[in-house]
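What TrEMBL says about this protein:
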BINDING   Arg75  pyridoxal 5'-phosphate binding site
BINDING   Arg97, Ser98, Gln105, Arg313  substrate binding site
BINDING   Arg271, Arg398, Lys463  tRNA binding site
MOD_RES   Lys284  N6-(pyridoxal phosphate)lysine
Amino acid sequence: MNRESFAAGERLVTPAYVRQGREARRSHEHLIRLLLEKGKCPEDGWDESTLELFLHELAIMDSNNFLGNCGVGEREGRVASALVARRHYRFIHGIGRSGDISAVQPKAAGSSLLNKITNSLVLDIIKLAGVHTVTNCFVVPMATGMSLTLCFLTLRHKRPKAKYIIWPRIDQKSCFKSMITAGFEPVVIENVLEGDELRTDLKAVEAKVQELGPDYILCVHSTTSCFAPRVPDRLEELAVICANYDIPHVVNNAYGVQSSKCMHLIQQGARVGRIDAFVQSLDKNFMVPVGGAIIAGFNDSFIQEISKMYPGRASASPSLDVLITLLSLGSNGYKKLLKERKEMFSYLSNRLKKLSEAYNERLLHTPHNPISLAVTLKTLDEHCDKAVTQLGSMLFTRQVSGARVVPLGSVQTVSGYTFKGFMSHTNNYPCAYLNAASAIGMKTQDVDLFIKRLDKCLKTVRKEQNKESDISGVDNYDKTEDVDIEEMALKLDNVLLDTYQDSS
């Protein structure tokens with residue numbers, strides 16, 4: 001209500017009470033005003049009442065919510081279901097215009113303001129997470145793979161002779177398909193084994209640049225966040241190579257915002273060499289539904305070029321989700337999540353190390369990977385060819401999600417390219433292994449339950465060794481715990497073994 005409405009209310013209710021209510025509303029409005037003035041994530045998270053007030057105030061600025069609005073066009077924000085309208089807080093027009101996803105819509109001032117403030121908050125968080133010199137970013141309603149494709153398509157116009165993308169190998173389908181979809185030929189650079197770690201072969205990258213010719217290379221497509229034993233690419237050295245040969249550099253930073261090490265690599269790469277854009281997922285870094293990504297960079301005009309490459313308007317849902325999340329958390333809340341994630345990484349590492357040693361396995365030494373861990377499965381592989389895959393299937397049927405079991409010698413064809421040792425990021429890794437990651441939002445109870453179920457599965461797979469005693473040295477698996485899950489899993493193990501192999 002405005003001042004006149006409050007004054008009118010004083011004629012109906014005791015004026016002192018109305019003035020108290022007016023001051024309470026002002027406290028909400030003060031938070032909203034600071035957000036719009038500063039364009040930064042508030043230190044402390046907002047309560048739901050402030051959030052809903054803010055979203056309601058923005059929504060009624062869109063033409064579809066005007067009282068008496070007369071829409072005679074083909075896109076007037078009409079929604080058949082009231083439930084759908086409430087789900088989207090009545091933001092129906094989406095974001096952007098036909099020529100630019102970041103442009104302001106005349107019909108939707110509220111949605112446009114939502115888009116601008118979301119991009120501003122996300123930029124603030126990227127700086128907070130470690131990339132201090134980033135100049136611009138925007139939320140795009142596509143996941144990481146398609147967002148990378150958008151970057152490559154934008155570069156196409158700047159490098160008309162280019163047909164190749166140099167790509168240090170990472171066995172993840174969407175980032176590989178992003179290059180194929182954009183119409184380019186990936187040049188796969190195999191990783192080199194250093195200790196247990198798989199690292200960037202810089203000599204091979206530079207040799208390939210010289211062989212193909214810089215003008216015929218669209219960009220170098222590097223990676224930060226990845227599954228151990230692969231570790232983040234040597235971004236600083238790659239950035240220097242790109243600067244020396246005047247080749248663009250696009251970084252797949254899928255879940256790297258939550259890692260200070262990944263963000264430091266990007267910052268350092270931009271400082272000493274060249275990084276044109278880096279792309280990160282919304283769901284992996286901010287715990288929102290799948291469907292959005294952030295494209296960011298150090299050259300404001302280039303990031304604007306990418307936003308103008310997006311054809312047509314776009315869904316506002318990813319922007320709305322991350323806006324609500326960041327305002328609910330505040331910068332202090334997000335920093336707390338980052339701190340807890342690091343603590344969980346250490347905790348998970350210690351628990352896995354203890355369990356692996358009890359089974360005559362070991363935790364791979366991958367100090368350059370700040371998120372993912374890997375445990376050898378040598379004894380399992382030596383015992384039975386199918387034992388490794390069986391372990392993955394058993395974990396899956398016991399509701400352990402996210403753990404990856406990687407057998408030796410897997411071959412898979414992706415978009416016409418055949419990869420030996422697929423999922424292990426190299427043709428011939430020395431052993432089979434199991435992955436687990438400490439991602440943002442993980443709790444101690446998640447780690448504890450994972451270790452218990454992994455212990456139980458390892459015992460089951462190796463029961464033929466006749467080790468009836470508890471050799472694991474971890475907490476005994478409670479026979480009564482997860483009894484329903486265990487009964488269901490035993491029935492599904494054999495049925496889903498082939499399914500797991502296919503999905504891997």
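Numbering starts at 1 and runs along the chain as it is shown here.
Including glycine, each Cβ sits where the backbone N, Cα and C put it.
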To the nearest whole angstrom, state the Cα distance for the pair Arg271 (tRNA binding site) and the residue listed as 'N6-(pyridoxal phosphate)lysine'. 26
Span of Arg97, Ser98, Gln105, Arg313 around substrate - largest C-alpha separation, Å: 10
Should one count Cβ atoms within 10 Å of each candidate's Cβ, the binding-site residues Arg97, Arg271, Arg398 would be headed by Arg398
Arg313 (substrate binding site) to Lys463 (tRNA binding site) - Cα separation in whole Å: 58
Compare the Cα of Gln105 (substrate binding site) against each of the recorded positions Arg75, Lys284, Arg398 and report the nearest. Arg75
Using a 10 Å cut-off on CB atoms, tell me which of the binding-site residues Ser98, Gln105 is the least crowded. Ser98
Roughly how many Å lie between the Cα atoms of Arg398 (tRNA binding site) and Ser98 (substrate binding site), rounded to a whole value? 47
Of the recorded positions listed (Arg75, Lys284, Arg313, Lys463), the greatest number of other CB atoms within 10 A surrounds the CB of Lys284
